[in-house]
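To start, the structure under review is shown below, and the notes come after it.
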Amino acid sequence: MEEPQSDLSIELPLSQETFSDLWKLLPPNNVLSTLPSSDSIEELFLSENVAGWLEDPGEALQGSAAAAAPAAPAAEDPVAETPAPVASAPATPWPLSSSVPSYKTYQGDYGFRLGFLHSGTAKSVTCTYSPSLNKLFCQLAKTCPVQLWVSSTPPPGTRVRAMAIYKKLQYMTEVVRRCPHHERSSEGDGLAPPQHLIRVEGNMHAEYLDDKQTFRHSVVVPYEPPEVGSDCTTIHYNYMCNSSCMGGMNRRPILTIITLEDPSGNLLGRNSFEVRICACPGRDRRTEEKNFQKKGEPCPELPPKSAKRALPTNTSSSPQPKRKTLDGEYFTLKIRGQERFKMFQELNEALELKDAQALKASEDSGAHSSYLKSKKGQSASRLKKLMIKREGPDSD
């Protein structure tokens, strides 16, 4: 019985299947190393793992796998130490600003104020300004000319800064920035950082600044005096995100603050206006102006579930009659001079007397007509009775 076992121990290392199984018993850190020499193979066959495998191949393979598992973290090979992909941490929210800039109008010593071009509300318009709302309606990445008017020329080195803030009080501490979708699109960025909302078009001296304390974005350009034949300076701004973008403004109204500053950053003038970036500026301007005229204030946007069409109160198709003006109201009239006062007093008394006589005459005529109607009814009934009496004997 011992001879077959000895023969088996000699024949097993020479077979290909046995060699492949033994190759799997090697530690992971030696898989990519050079092939072992004949001496190392002899040592391998004399090891305890090989002896156990010869007795019971299944248990030996399980034991070798269990032994190789704790040794894997200690291996220094970069292939064996490749970590599993870790889920990316959620993006941290944008920090809130420590201060809210003022947006109150301040003309200063130089009479600083803003102006806009006159434009209609057609569908083809890309930028339009509403004076009654003090609101600019524009399309995404379209030119928005803003005029700067001053009563006297500012000192050399004066700069113009544009900054956007949220209009509503509960959002004022948040920094206005583009949505993630528009941040990833590098179209039209140029020198501007991708998260900046306001850009300046056609000015190579524009500086895009991020305040380290307030975290707010602004764009600064040097002030240029008006050209010959012009009374104002025009700066062309672009807004690079829609007001309805999720993750950005998210339908929250914003204000653009334009400030005039000296080289040291001191304020020389300030003005602001509301901005809405939308697909159809003309239509939105007409809608908001109508709501403003009806209610005296901008109509708040209704949530999607409550946006129902209001039914008219009067469903009848007949036109309503016009209400007559009432003459029972009293008015006070200031008259200079006593003579004029007496003249108007006599005129007023005469008109009052005329109205009283007309009222009395209408009452008398109404009573007389009712009396005639009653008399006429009585005479008709008497005539019928007489005719019946006269016809009575003839019928008999």
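Positions of Cβ are set from backbone N, Cα and C atoms, glycine also.
The region 'Interaction with CCAR2' annotation in Swiss-Prot covers 1-323 and is backed by similarity to another entry.
Under the heading phosphothreonine, Swiss-Prot lists T18 (among others).
If you look up Swiss-Prot, you'll see S20 (among others) marked as phosphoserine, on the strength of similarity to another entry. Residues near S20 (phosphoserine) in space but far in sequence (CB under 8 A, at least 6 apart, same chain): none are found.
Annotated ubiquitin cross-link per Swiss-Prot: K24 (among others), in sequence order, evidence recorded as similarity to another entry.
Per Swiss-Prot, the feature phosphoserine maps to S37 (among others); the stated evidence is similarity to another entry.
The region 'Interaction with WWOX' annotation in Swiss-Prot covers 66-113.
What Swiss-Prot lists as DNA-binding region is 105-295, and the listing cites similarity to another entry.
Sequence annotations record features per position, and here Swiss-Prot assigns region 'Required for interaction with FBXO42' to 116-239.
Marked as phosphoserine by Swiss-Prot: S186 (among others). The C-beta environment of S186 (phosphoserine), restricted to residues of the same chain at least 6 apart in sequence and closer than 8 Å, consists of P194.
The region 'Interaction with E4F1' annotation in Swiss-Prot covers 259-297, and the record cites similarity to another entry as its basis. Sequence-distant neighbours of the region 'Interaction with E4F1' (259-297) (same chain, 6+ residues past either end, Cβ-Cβ under 8 Å): 102-114, 120-130, 132-140, 148, 150, 154-155, 157-161, 163-164, 167, 223, 239, 241-244, 249, 253.
Per Swiss-Prot, phosphoserine is recorded for S272 (among others). Applying an 8 A CB threshold to same-chain residues 6+ apart, the list for S272 (phosphoserine) reads Y103, K104, T105, L255, T256, I257, I258.
For 276-283, the entry in Swiss-Prot reads region 'Interaction with DNA'.
Proximity of K294 (ubiquitin cross-link) to non-local residues of its own chain (separation of 6 or more, Cβ distance below 8 Å) is seen for none. Look at K294 (ubiquitin cross-link): DSSP puts it in a helix. Under the heading ubiquitin cross-link, Swiss-Prot lists K294 (among others).
According to Swiss-Prot, the ubiquitin cross-link annotation covers K295 (among others), on the basis of similarity to another entry. In sequence order, no residues are near K295 (ubiquitin cross-link), counting only same-chain partners six or more apart with C-beta under 8 A.
Feature annotation from Swiss-Prot assigns phosphoserine to S318 (among others).
The feature omega-N-methylarginine is assigned by Swiss-Prot to R336, with similarity to another entry given as support. Cβ contacts within 10 Å of R336 (omega-N-methylarginine), excluding its own Cβ and spanning all protein chains shown: 6. Annotation note: R336 (omega-N-methylarginine) sits in a coil segment as assigned by DSSP.
DSSP assigns S186 (phosphoserine) to coil, not to a helix or a strand. Note on proximity: of the recorded positions R336, R340, K354, K360, the one nearest K24 (ubiquitin cross-link) is R336, by Cα distance. With DSSP states grouped into helix (H, G, I), strand (E, B) and coil, the region 'Required for interaction with FBXO42' (116-239) comes out at 8 helix, 42 strand, 74 coil. DSSP classifies K360 (ubiquitin cross-link) as helix under the three-state reduction.
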